[in-house]
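J.: Attaching a single structure in structure tokens format; questions to follow.
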């Protein structure tokens, strides 16, 4: 048989305080009741002996008497309550003061005695003369009466402070409006300057030179950016030199065959679509699907035309092309300098001077006779000596083709030097009597001789020694 479950409810144990009251006198208390009620547990002992050297700031930690430790508790400062100041919202009116004398009656009459009206028909009026007269007091002074009015004392003080927020304040306009043009006349308006205080700040010009046609954005950036690097000579780029000059003009002929129906621009990026099986006219351009626009670079050997190509060597199932990049370049041949025959700018001399070993075919021929006396004169010129033959030609010589003098003394100038013969010839050289160019003795400019450029050295002082003079 299944045993019936015990439904006995366990009673709650009495609290430690209740057990302490009954078992303390009889001495039957459990060992944990007395220390718990008297505050003598292990935790209380730790806090009790530890609070001797540690101050917890009056937080009430522990089971002490609550005296605040050695220093005790510090009372909070108290302030004397003061009466709040009442500020009236509206100005107060002065009180109405009614003067009441000591002999006045306490009964206030609503109607004066002279205002009683007698009913009935009025009878004859009798005038009884009075034995006692009355005094009439008049004032001669015509000054108006001055009434003292008490001023209203108001203790309310109202102050207004205004602060300007520059974020929500419009700036002052300090420049005049632009001039207007109407019916062919130019109208200028006066300068409009506000009274607001302003500060003169030096302004800098950010854009120096700009072209209105080339401005695209509202704030163009001045200056030139450095040219971007092409990056044609990397490790992952194949370098291929193209010899065919058609690479410069029509590179499409090297990739595909000519299509007369379509001819695109050759200076832009070219894209090609190949079938599965194709053969390029040039084997270097096999599997090329894109040729970028040309770039001209300067090399040591000359100018180089470069194009960056993209290959499509492999295709995946998803249609993605895989291939490397190729740098095709073609070096342009240098242009040789043309040898141009130069013509002399100076007029030809009257005679052509050659060396002594040759025969001179001059511009003029002089027939020498037996009467001509030739004397040899040695003229020293620097380190070498030169023999100049001075010939005395008689006036009877015929067949002379020397050009005659034009009669004008033309100076060739200081920058043009005439050729002076330096070799020994059998003919007399034509040396002009006057200088070849004008010489200005008095002038503001001069040229120093190279020997004058040397800076003079500073002389070293030498001490003279004498027998009767002491030296230091």
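Cβ atoms here come from the backbone N, Cα and C positions, even for glycine.
Keep in mind the model is a prediction, meaning the values are calculated, not measured.
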J.: Looking at the candidate ranges 445-453, 454-462, report the one that Swiss-Prot labels motif 'Nuclear localization signal'.
T.: 454-462
J.: When Swiss-Prot marks a stretch as motif 'Nuclear localization signal', which of 1-14, 15-28 is it?
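T.: Residues 1-14 are the ones Swiss-Prot records as motif 'Nuclear localization signal'.
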J.: Report, as a single number, how many Cβ atoms besides its own are within 10 Å of the Cβ of residue 23 (disulfide bond).
T.: 15
J.: Give the three-state DSSP assignment (helix, strand or coil) for residue 23 (disulfide bond).
T.: helix
